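First up is the structure itself, then whatever we jot down about it.
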Amino acid sequence: MNTLLFKRKGGNCGNESNIVSQGSPSSSNLPESPGTLDEKNLPRLPTPFARSLSTIPSYEQMKRTNKLPDYHLKIVVVGDGAVGKTCLLISYVQGTFPTDYIPTIFENYVTNIEGPNGQIIELALWDTAGQEEYSRLRPLSYTNADVLMVCYSVGSKTSLKNVEDLWFPEVKHFCPSTPIMLVGLKSDLYEADNLSDLVEPSSAESLAKRLGAFAHIQCSARLKENIDEVFETAIHTLLSDSLYAPREPTHTIKNPFKRNTTRSDIDSSTGDTSVSISGTKRLRKNKCIIM
């Protein structure tokens with residue numbers, strides 16, 4: 001049920017007789033001859049609603065009560081269906097392991113983490129569908145991606161083969177300059193006895209180097225092993241210069257809808273802006289832009 005903008009304070013608009021008895025002029029009060037009635041002598045109907053203005057906090061109030069993130073990173077996760085992409089994200093964001101498999105079309109998760117010097121980093125994690133029928137919709141997720149995680153399951157050699165045949169060509173086509181890391185999921189399967197059916201770590205490592213991935217990490221969402229390492233590696237690769245650089249005072253332009261930017265970072269020809277720290281400038285240049 002939608003919240004009403006106006007709250008009812010008194011009166012009864014559902015009972016017509018009640019309204020008439022309280023506010024309608026009786027026959028004894030009517031003038032005996034037709035004429036113009038004096039407005040100030042007319043009785044008034046009771047007001048059934050009284051307006052109540054909602055309290056909307058100003059930007060300055062929100063800034064005082066909630067610290068705005070210093071950085072915003074968008075990470076897009078791709079790979080074959082059922083390799084464990086959703087479990088990876090839920091395990092990282094919520095700390096739980098989902099037991100039921102529900103195919104994902106598109107799903108977004110947002111979480112804030114704290115950097116080594118107290119910086120607030122907002123992560124926007126985009127889960128995508130690996131099924132072929134969604135191949136035309138999937139590129140919509142790549143816009144403004146800062147990191148691409150191409151995933152495979154250690155229990156499926158086919159999913160690793162598709163990394164080379166399908167996923168790297170696709171993300172390289174749409175995001176040629178965006179950093180890509182290779183992530184192996186379900187590493188807890190190595191505890192089983194049928195190791196011959198599993199992906200050999202050395203094969204995945206050599207593939208990552210050959211394809212130009214900046215990192216290759218295997219993890220287990222069920223056991224929560226190496227989950228944090230996956231995302232910390234992505235963050236440090238992008239923001240290592242920014243997170244550990246000393247903060248220098250700068251003259252900033254206040255904008256309530258965007259992160260503060262320095263005047264020297266505004267391109268007069270295009271109006272584009274970038275934050276003043278060198279690491280984030282590099283991040284903007286490598287951001288995926290879908291034309």
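Cβ atoms here come from the backbone N, Cα and C positions, even for glycine.
Per Swiss-Prot, the feature compositional bias 'Polar residues' maps to 14-31. Here Swiss-Prot flags 14-45, 250-273 as region 'Disordered'. According to Swiss-Prot, the feature GTP binding site maps to 79-86, 127-131, 185-188. The feature motif 'Effector region' is assigned by Swiss-Prot to 101-109. Positions annotated as phosphoserine by Swiss-Prot: SER264, SER268, SER276. Swiss-Prot lists CYS288 with the feature S-farnesyl cysteine, giving similarity to another entry as the kind of evidence. Sequence annotations record features per position, and here Swiss-Prot assigns cysteine methyl ester to CYS288 based on similarity to another entry.
Known features from Swiss-Prot, placed on the structure.
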{"residue": "GLY79", "record": "GTP binding site", "DSSP (3 states)": "strand"}
{"residue": "LYS85", "record": "GTP binding site", "DSSP (3 states)": "helix"}
{"residue": "THR128", "record": "GTP binding site", "DSSP (3 states)": "strand"}
{"residue": "SER187", "record": "GTP binding site", "DSSP (3 states)": "helix"}
{"residue": "CYS288", "record": "S-farnesyl cysteine", "DSSP (3 states)": "coil"}
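Between the alpha carbons (Cα) of GLN131 (GTP binding site) and CYS288 (S-farnesyl cysteine) lies a span of roughly 22 Å. Annotation for SER187 (GTP binding site): same-chain Cβ neighbours under 8 Å, separated by at least 6 residues, are VAL154, GLN218, CYS219, SER220, GLU225, ASN226. The distance from the Cα of the residue listed as 'S-farnesyl cysteine' to the Cα of LYS85 (GTP binding site) comes to 21 Å. The Cβ neighbour count for LYS85 (GTP binding site), using a 10 Å radius over every protein chain in view, is 26.
The most crowded of the recorded positions listed here (ALA82, CYS288) is CYS288, judged by how many other CB atoms sit within 10 Å of its own CB.
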